[in-house]
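Heads up, the thing below is written out as structure tokens.
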Amino acid sequence: MSIQVEHPAGGYKKLFETVEELSSPLTAHVTGRIPLWLTGSLLRCGPGLFEVGSEPFYHLFDGQALLHKFDFKEGHVTYHRRFIRTDAYVRAMTEKRIVITEFGTCAFPDPCKNIFSRFFSYFRGVEVTDNALVNVYPVGEDYYACTETNFITKINPETLETIKQVDLCNYVSVNGATAHPHIENDGTVYNIGNCFGKNFSIAYNIVKIPPLQADKEDPISKSEIVVQFPCSDRFKPSYVHSFGLTPNYIVFVETPVKINLFKFLSSWSLWGANYMDCFESNETMGVWLHIADKKRKKYLNNKYRTSPFNLFHHINTYEDNGFLIVDLCCWKGFEFVYNYLYLANLRENWEEVKKNARKAPQPEVRRYVLPLNIDKADTGKNLVTLPNTTATAILCSDETIWLEPEVLFSGPRQAFEFPQINYQKYCGKPYTYAYGLGLNHFVPDRLCKLNVKTKETWVWQEPDSYPSEPIFVSHPDALEEDDGVVLSVVVSPGAGQKPAYLLILNAKDLSEVARAEVEINIPVTFHGLFKKS
């Protein structure tokens, strides 16, 4: 998996080009044979509009949200896409300029207003974006597109029409929520977001949304906070993108990438700033791992620590004989990886892309093992007694537990990211296989499968082809964990190729089963799901 491929033609730049939405679905040209059991829709979110008029967006997470759908029926495939009608998008289209500040792009007051109107507009408070470009997930019978703020957007998964905006603050105490909730098999949704806790200090709340009940009321209206995690810094919450969940425990990893709330509230309101301006790194903090008892709704005061890293995606978490196994896609060090995801960097020529990536934190897939039963008499000892891991947990004299990981995969500037597993059957349980998007100096150029027990890897890769996050779909009669297919949207700007296609791989060995080609470009997508018919 560590074989490095070069991209001198710069075809990856097509990932960051504005496209138009479609008025109706396109029929894709299929080569190979799509399994007849594969019936349903692949839904994906990402940016599709990278500028408004003459005003560009600057960061990868700024472009306006585009919702994509590949429909599978009786071996045929259609492709559809529509922009999500968020407030950010509608107002930008109406005023023909960027109206709401995005992750790395500031919105400025209407230049047509006089100086007094512009001055007072800064004191209206922080106007938070609802640009739902990151993920889509189910709540009850409904589907929501989301970013990482308090706003989520209800969409119609059949027509891709936007239905309404929902403010989570109207139901629970969170300032925002991640785009990676956990969905249990009964439909229960868990998520995490920071909040103001006791004495106005910052904390992190776990939100639970129940499954749809017999009364058919919106489950979001029945949301509740089930447990609260403390924050290591009273006024500077860590950036959190995902978390771990097992049948009995919740795992939260607190990294040194911090949000400076004073800067967020003051500079944003007074003279204009964006989200990226408000991040800073605590160079001395390292990483703290927190756990809570899910069933008893209780925070457990075990103090797990380790050396600094960035974290965006948990792979899986499970229980094993008194231990929690936590598998993560890490980036070494305390510097924020998002500093390297400005569009200007990603659109550079290949040699410059590599040069920039060499300065960034380096990726590594790691396994941490957290002992649940701590005996103070074991100070100085390794508490990990499992026979199948090299990870350690040393009980220190200050009663903290210092963790060292087992490395599952590591390659220089070769990341295994956007991980997926056989989620429905193995989330929170012992598992063997993970699927990931391979990033080559931040350029997505391969799909990977990792055996987390043996560290064996499989790779799909073709020249001038730029895939997306792999989505695993289990065979309806599966007998083994990896019985099924992997779906990925591939951008293919090379000569003699269609601009983009939906790739279907055998999940066993990543051999190609089929592809469904379309005659139009598809920009980068981040996350999504397969909705079975």
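Backbone N, Cα and C define each Cβ position, glycine as well.
Binding of Fe cation is annotated in Swiss-Prot for His180, His241, His527; the matching candidate from His290, His313, His475 at the same site is His313. Swiss-Prot marks one residue of Thr101, Thr129, Thr400 with the annotation phosphothreonine, and that residue is Thr101. Looking up Lys113, Lys295, Lys381, Lys449 in Swiss-Prot shows the N6-acetyllysine annotation sitting on Lys113.
Swiss-Prot records phosphothreonine for one of Thr105, Thr284, Thr525, namely Thr105. According to Swiss-Prot, the listed position annotated as S-palmitoyl cysteine out of Cys112, Cys146, Cys195, Cys448 is Cys112. Every protein chain considered, the tally of other Cβ atoms within 10 Å of the Cβ of Cys231 (S-palmitoyl cysteine) stands at 21.
Geometry remark: Thr105 (phosphothreonine) versus His241 (Fe cation binding site), CA distance 20 Å. Cys329 (S-palmitoyl cysteine) falls within a strand when secondary structure is assigned with DSSP.
In this structure, the CA atom of Cys330 (S-palmitoyl cysteine) is 8 Å away from the CA atom of His313 (Fe cation binding site).
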